[in-house]
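Engineer: Below: one structure in structure tokens.
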Amino acid sequence: FVLACFVGYYVVWSVTPALHTPLMAVTNAISSVIIVGGLIASAEAGSDVAKWLGLAAVVLASVNIFGGFAVTERMLAMYKKKDK
């Protein structure tokens, strides 16, 4: 986990601005795969712990996706021309 944090930090900060949008799109795609996996895990789970872990995965990945969309919306709003 710690190694993934360091690698993610250096990848995001070393990418050129032109590639930042595709990088964010890929992270949203990964989060959507996590949602599908969480739904499958919670649907086919035999134990209650697995169902709760699947639910937690779905909730956290959903927060990540919607937060990404909110940040993208704010970034796009910075580039819109303001009415005078």
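Every residue gets a Cβ built from N, Cα and C, even glycine.
Feature list, courtesy of TrEMBL:
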DOMAIN    1-81  domain 'NAD(P) transhydrogenase alpha subunit C-terminal'
TRANSMEM  23-43  transmembrane segment
TRANSMEM  49-72  transmembrane segment
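Help me picture these features in the structure, burial and contacts included.
Structural biologist: For the domain 'NAD(P) transhydrogenase alpha subunit C-terminal' (1-81), DSSP puts the residue distribution at 73 helix, 0 strand, 8 coil.
Long-range contacts of the transmembrane segment (23-43) within its own chain (CB-CB distance under 8 A, at least 6 residues past either end) are made by residues 11-12, 15, 50-51, 53-58, 61-62, 64-65, 68-69, 72.
Long-range contacts of the transmembrane segment (49-72) within the same chain: residues 24, 27-28, 31-32, 34-35, 37-43, each at least 6 residues beyond the stretch ends and with a Cβ under 8 Å from a Cβ of the stretch.
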